[in-house]
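According to TrEMBL, the protein carries these features:
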SITE      Cys181  site 'Transition state stabilizer'
ACT_SITE  Asp261  active site, proton donor
Amino acid sequence: MTAQLTSIRTDGDKIEIVNQLLLPHVTEFVEIHDIYEAHDAIKSMKIRGAPAIASLAALSISSHLSRALREDPPPAFLASNAALQSHIQAKLDYLFKARPTAVNLGAATRRLKKTLDEGVASAAGPREVAEAIIKEGKLINDEDVGRNRKMSKWGAEWLEEYWKRSGSDAGKEGLNVLTVCNTGSLATSGYGTALGLITHLFETGKLGKAYYTQTAPYHQGSRLTAYELKTLQIPSVMICDTMVGSLFQHHKIHAVAVGADRIAKNGDTANKIGTYNAAVLAARHNIPFIVVAPISTVDLDVLSGENIPIEHRPPIEACTVRGVLTPLAAEPSERKQAVVMMTPEDIEVYNPSFDVTPAELITAIVTEKGVATRRAGEKTFDLSEIV
Ligand code: MRU
């Protein structure tokens, strides 16, 4: 993984994130000093992507506790298990509220709460419980990269096999894959999910071209995916969100691969706004539609997509565009960042950050455990079998 393609870096207790609001023109690492700054970075989308926000939340708890363990005198919340429990529970609740749709954030905070509760219920004292939470928080971040590589390989191999089985010679010149949003190293702890699948195809000589939508209004595609693909030197083409239908009509596309923020038990999948549009068009053109996400993205408590909470972002984010003023100054530090208003003021805006793709439009769900498909004739998945 290239150094620039890192969403979070740590050095002992020090956590820094790349401010993704400034990418791709300026790479600025911002130190996250405490849980409030972690919450703010997630809410303001300085860091984004379901696995990355879960990692930052978990690491911020680990860092908070390791700093506390070194304080002399120790803070009051380390005086007893009861004090530690109420202190950490409040911090976890606060982090959990930063963004509602991605289940990973809730899964990470619930996992740390479990470690907390189990520690408190055991004979361990507050310092030992704190140590266990620190370890678990770091693990949440570390385990992400390994599983991304696994699911990327499963997904790429499944796709190759899909086209071989179809009997067509499609893919002989390389598989062309469309993706939405940004699901690469910037959205995860490394390698990525759907973008990982594309990277794996490239690394194994099986990729034709990667196509990606701009993904308005935050422009994860044109700012972040473009930057990652360019850095990795993967052949790629950007399209505007409105061009998916045209692309499918005029170019051979072998798959749409996307990530996920939350997958319901029946396979309905919440992902970046615009994913549903691509899925409808993929079905119309008989293009396999693949969701690539860690197993922790499956929320068995949510039976179907209508119960997934969808975040609506502030209207101003859909009325403005971020970037640097052209011509581009050679030195990044001299580049002038600008947020430009594109609309009249005070208009009414509909700005959901995610949409839900019904399971019946999804050909395969790829996790680190393997590839799930729907049974013949069925419109939904039974994901309880793989979780
Ligand atoms: O609003 P964002 O940028 O956090 O949304 C990101 C997505 O929708 C991604 O596709 C998803 O989180 C998976 S990232 C591996």
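Using the three backbone atoms N, Cα and C, a Cβ is placed for every residue, glycine included.
Automatic, uncurated: that is what TrEMBL annotation is.
Rounded to a whole value, the Cα-Cα separation of Asp261 (active site, proton donor) and Cys181 (site 'Transition state stabilizer') is 12 Å. Look at Cys181 (site 'Transition state stabilizer'): DSSP puts it in coil. Cβ environment of Cys181 (site 'Transition state stabilizer'): Ala187, Thr213, Thr215, Gln220, Gly221, Thr225, Val258, Gly259, Asn271, Lys272, Gly274, Thr275 lie under 8 Å away, each six or more residues apart in the same chain.
In the structure as shown, the Cβ atom of the residue listed as 'active site, proton donor' sits within 10 Å of 30 other Cβ atoms. Asp261 (active site, proton donor) carries neither a helix nor a strand DSSP state and counts as coil.
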